[in-house]
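As written in TrEMBL, here are the features:
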| type | residues | note |
| --- | --- | --- |
| BINDING | Arg100, Arg110, Arg134, Asp225 | substrate binding site |
| BINDING | Asp225, Asp249, Asp253 | Mg(2+) binding site |
| BINDING | Gly285, Ser286, Ala287, Pro288, Asp289, Ile290, Ala291, Gly292, Gln293, Gly294, Lys295, Ala296, Asp297 | NAD(+) binding site |
| DOMAIN | 11-348 | domain 'Isopropylmalate dehydrogenase-like' |
| SITE | Tyr141 | site 'Important for catalysis' |
| SITE | Lys192 | site 'Important for catalysis' |
Amino acid sequence: MVDSASAQHIRLAVVAGDGIGTEVVEQGLLALESALHGSGTTVATTDFDLGARRWHATGETLTDTDLDAIRAHDAILLGAIGDPTVPSGVLERGLLLKLRFALDHYVNLRPSKLFPGVASPLANPGDVDFVVVREGTEGPYVGNGGAIRVGTPHEVANEVSVNTAFGVERVVRDAFARAAARPRKKLTLVHKHNVLVHAGHLWRRTVEAVNAEFPDVTVDYLHVDAATIFLVTNPSRFDVIVTDNLFGDILTDLAAAITGGIGLAASANINPDRTAPSMFEPVHGSAPDIAGQGKADPTATVLSVALLLEHLGHTDAARRVEAAVAADIAERRGAERVRSTAEVGKDLAARIAG
Ligand SMILES: NC(=O)C1=CN([C@@H]2O[C@H](COP(=O)(O)OP(=O)(O)OC[C@H]3O[C@@H](n4cnc5c(N)ncnc54)[C@H](O)[C@@H]3O)[C@@H](O)[C@H]2O)C=CC1
Ligand SMILES: CC(C)CC(=O)C(=O)O
Ligand SMILES: [Mg+2]
């Protein structure tokens, strides 16, 4: 199928990672191949052996050499990182977050859409179609902390959230631009400025200041605890949400749950300045409880491939992937048989091919 984007050669770094990461990435790559078939655009993939296996074998998570090699690509497709045999945090911090920070993925974009036919746990979900713009390089995830007297009754453990005017402003501006480009033009800042007064007020002031550049955008504010209420009772009130790294992480698992489950939730870690490749991955983790059983839904990864295609200018191909997913999802409800990861991937690839 011919795409509107001019033919490209895409150098794709593939980090399948741990657990179900390897299973879903395989299906994501099938979808990508199917979406670009006949377009003249070619894809050359480089597999990066990163994750638990590598750590056990070498003690390495992500070396400078790995990073340099990854930088030489146009985009990254990532499955999931994290394994119960590795101390919690080693791979998540030393690999996943390191990639996001080093490649300056300051916009962590997480769309939430209730596809027609999808069963939501909400009785009356309404028309749910919003996007969370989660800050991706700051907040409590930067590793600014420490603990003293560890393991004693007098232990003190700190995890300091870092919020810079530079970092907040650039992600807020991106969120405003996204809101301005959407029909409803509404931006909701989610924070907790009644308690987190230093960071919260920086976010609030920044949103107020940048709003002057986007006068068409209506601004709303919710404390994060209240936001969890409205995500369940009235999710259609949201259009674009902008929030920090931690709140965005939590809210997007909830957003996934109300829109059909974590197996459908896609994300993009975007470097808007294009100084390094952006990274596309499902919202979910490595799901050790179902790993290796062919039970993982690869749809989130396939939808992440749509975000990747869009980012690289292959808009038509991205729309075809989304349409294939929508059509597949519409037929899932009441289906007699649960399909395996590979079967869903194969069906999606066939639908994309048309
Ligand atoms: N981006 C990433 O690589 C992420 C990594 N993690 C890591 O993954 C590991 C497991 O974390 P959890 O908190 O259990 O979160 P998780 O997202 O891996 O799993 C939560 C629940 O959702 C289910 N699930 C997840 N993806 C699914 C899919 N595609 N299809 C069907 N069911 C699916 C799992 O079976 C599990 O019951 C940890 O090491 C964690 O740090 C967690 C979140 C994101
Ligand atoms: C494992 C964390 C570092 C990341 C996470 O949960 C996420 O980005 O959704
Ligand atoms: Mg998460």
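Including glycine, each Cβ sits where the backbone N, Cα and C put it.
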Binding-site residues whose CB lies under 6 angstroms from ligand 3, from Arg110, Asp249, Asp289, Ala291, Asp297:
Asp249
Whole-number Å distance separating the Cα atoms of Asp253 (Mg(2+) binding site) and Lys295 (NAD(+) binding site) is 19
Take the Cβ of Asp225 (substrate binding site) and count every other Cβ within 10 Å, whichever protein chain it belongs to.
11
What kind of secondary structure is Arg134 (substrate binding site) part of, going by DSSP in three states?
strand
Which one, from the binding-site residues Arg110, Arg134, Lys295, has the smallest tally of other C-beta atoms lying within 10 Å of its C-beta?
Lys295
Within the chain of Gln293 (NAD(+) binding site), which residues six or more apart in sequence place their C-beta under 8 angstroms from its C-beta?
none
Filter the candidate list Lys192, Asp225, Gly285, Asp297 of recorded positions, keeping only entries whose CB is under 6 Å from an atom of ligand 1.
Gly285, Asp297
Chain-internal residues near Asp297 (NAD(+) binding site), provided their CB is under 8 angstroms and they sit 6+ positions away:
Val24, Gly261, Gly263, Leu264, Thr341, Val344
Alpha-carbon distance [Lys192 (site 'Important for catalysis'); Arg110 (substrate binding site)] in Å
20
